[in-house]
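Single-structure report; data block below.
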Amino acid sequence: MSVDNYVDEKAFRDCVEKAAKILRAEELVAFPTETVYGLGANGLSTRAVQKIFTAKGRPSDNPLILHIGSLAQLGPLLREPISVYAEKLIEHFWPGPLTLIFPASDRVPSVVTGGLDTVAVRMPAHRLAREIIAKAGVPIAAPSANRSGKPSPTRAEHVREDLDGRVAAIIDGGSTGYGLESTVVDVSNREASPRILRPGGITEEGIEETLGVSISMEGSERKKDNVRAPGMKYRHYSPDTDVELVEGSSAVMQARIDEARMHGKRAAAAITSDRADKISADRILVLGDGTDLQTISSHLYDHLRAVDKMDVDVLFVQTFTETGLGKAIMNRLYKAANP
Ligand code: TXA
Ligand code: MG
């Protein structure tokens, strides 16, 4: 079912109705959010949530995010009152691409938390997502709607590629906005400052400005975080083609491309538009204007998926400065390059 524009209110209502009905019947529905497409199931039903892991081929100890449509749905999921930091973050960034980690109540099935005593919660801003959750009347567990190890889907067509026949319905709402998964922030420890477990569309700078405290971490501490965000330890966001990151000028990248081709490899280059006429490769992927990281992040996964359909052996990708949205972009590129 498709709702590419919301001019047709009846088509929109039909989609919401259909998705909610499937969710209430404990089946799976893929639906758009403002970050990436999610693969949804009734988040309070162990039976329904188990189907997500089967459909995705996802390790069962990698916990899921519960998506809520209103603040009234938050309280019952939590073991204790939220901290002042959490309150501020909710006020500023919900609904939106921010996931918060809280101490979980007994109502949250352990299949959702992967056996942890915390739960991840997000209130999406996408209108279709919100309405579907509201209509279903329960929190919706939803990981990204890709097969495990593939880049997250930013268009319904990506979901179809990965999950056709494995879900009851795919709701097509066109391209998602941000194109990268939500920022995950741990606010479960009341004594400590919030910690970013996964960078995303809500930036570290934006969070610091909102809270008035520094939350940046040392490199060594960041390594320890791999344990805290269980998803980090799995292969992620990775095309089948080899991905290599290239720091430096166009000349540096051209040298790498030439070297690969000398070894008989077919090489693609993913570069910003200002470099497009400076690089020669078997295929060129223009990521967008280098000063517009929003556009670059929204198309990044599309490019990573496209490269597997090109007849190339290696993809060279230029790097970005790790500030603002650049941090989330580089986080995903590192994962694509180091499966
Ligand atoms: O934008 C998004 O967040 C998308 C859309 C569909 O909402 N969802 C998404 O879900 O990216 P998923 O399952 O692909 O990623 C969830 C991340 C994983 O890295 C997981 O390990 C982490 O959140 N996570 C979930 N529960 C957690 C918990 N209790 N403690 C720490 N990390 C947790
Ligand atoms: Mg995912």
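In case you wondered, yes, glycine gets a Cβ from its N, Cα and C as well.
Taken from TrEMBL, the feature domain 'YrdC-like' applies to 13-202. What TrEMBL lists as L-threonine binding site is Thr35, His67, Arg122, Ala142, Ser182. Residues annotated as ATP binding site in TrEMBL: Arg58, Asn62, Thr118, Ser144, Ser152, Arg198, Tyr237.
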Per-residue pLDDT averaged over the domain 'YrdC-like' (13-202), given as an integer: 96
Nearest of the binding-site residues (Asn62, Thr118, Ser152) to Ser182 (L-threonine binding site), judged by Cα-Cα distance: Ser152
Binding-site residues close to ligand 2 - of Arg58, Thr118, Ala142, Ser144, only those whose C-beta is under 6 Å away: Ser144
Residue among binding-site residues Thr35, His67, Arg122, Ala142 with Cα closest to the Cα of Arg58 (ATP binding site): Ala142
Of the binding-site residues listed as Asn62, Ser144, Ser152, the one whose CA lies nearest the CA of Arg122 (L-threonine binding site): Ser144
Thr35, His67, Arg122, Ala142, Ser182 excluded, remaining Cβ within 8 Å of their centroid (L-threonine): Thr33, Gly38, Ile65, Pro97, Thr99, Pro124, Ala129, Glu181
Binding-site residues close to ligand 1 - of Thr35, Arg58, Ser182, only those whose C-beta is under 6 Å away: Thr35, Ser182
Nearest of the binding-site residues (Thr35, His67, Ala142) to Arg198 (ATP binding site) - Cα to Cα: Thr35
Which of Asn62, Ser144, the listed binding-site residues, has fewest other Cβ atoms within 10 Å: Asn62
